[in-house]
Amino acid sequence: MHGILSIQSHVTYGHAGNSSAIFPMQRMGFEVWPIHTVQFSNHTQYKQGWTGRAFSASDIDELVQGLDNIDALKRCKAILTGYQGSAEQCEAIIRTVEKVKAQNPSSLYICDPVMGAPDKGCIVAPGITEYLVDHLMPMADVIVPNQFELSQFAQMEINTLSDAVEACNIALAKGPKVVLVKHLYCVSDDKFSMLLATPEGCFLAQRPHLTFAQQPVGVGDLISSLFTAGLLKGYSTMRAFQHCHDACYGVLKQTHQLNEWELQTILAQNELVEPSETFPIERLNLNLKTA
């Protein structure tokens, strides 16, 4: 039994972190082995607050060792990481990736480098951004940053599409083979834009921007999980990009139609495997150079 090791946050109610990522990967045909970095009652934007706690780095190490004890790591096809609760957890991620790749060199490491958005109630602990930029992102096969996280990794401001391509160029030169920018907000106000960069080129996808009374949480986690599952199904990088873009829109559209705050992932589950709408992907003519 092959599986995906997903190490990120978890909420009991709603869809964020692992609660947003696990089911889409399962629905696309994969066993998922979740390890939670934090476990909260709900996501942190609720004005009533939340309950729960963060786990320690040793908790991650202990669970990974347990998987190793039953020879599961050699059957791990990918490690997907998202929100980390401490810099020490980032160290545990490094150990985990190294241990998995030692037993299965073909496994992929997909890093969703959550650096926090205080205005959205997402706050990361001190040292996490530095660990992501200096260690986790360079060792990843695939990174799935938003525009801000890409700018931190590339150490440059991103104000235009040309800037974004340059930042992707820098990112690819640092180690990752694929950069998927899950939200590129410098391009258009009335469309939601995503950018894919590989050594073969740069590609832009845009879909209608849906206006919510309260912006759903966990969209980035949904995108990274769909992209991971697509790659593991043997899709080309471009097809995996197309699929995750269109499938995510399908979930968001149903969420919007029902005027819900939490992602309607279960109700929209058919969108995860057969998106009802397909949007064009534009190959950019801007130069993308790799070292």
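For all residues, glycine too, the Cβ spot is worked out from N, Cα and C.
Under the DSSP three-state reduction, Gln45 (substrate binding site) is assigned to coil, being neither helix nor strand. Here Swiss-Prot flags Ser9, Thr44, Gln45, Asp221 as substrate binding site.
According to Swiss-Prot, the feature ATP binding site maps to Asp112, Val144, Glu149, Lys182, Arg207, Pro208, His209, Leu210, an assignment based on sequence analysis. When Cβ atoms from all protein chains are considered, those within 10 Å of Asp112 (ATP binding site) total 29, not counting its own.
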Chain-internal residues, separated by at least six, CB under 8 A from Val144 (ATP binding site): Ile110, Cys111, Asp112, Pro113, Leu180, Val181, Lys182, Gly220, Ile223, Ser224, Phe227
Under DSSP, is Pro208 (ATP binding site) part of a helix or a strand, or is it coil? strand
For a quick check of understanding: among the binding-site residues Ser9, Thr44, Gln45, which residue's Cβ has the most other Cβ atoms within 10 Å? Ser9
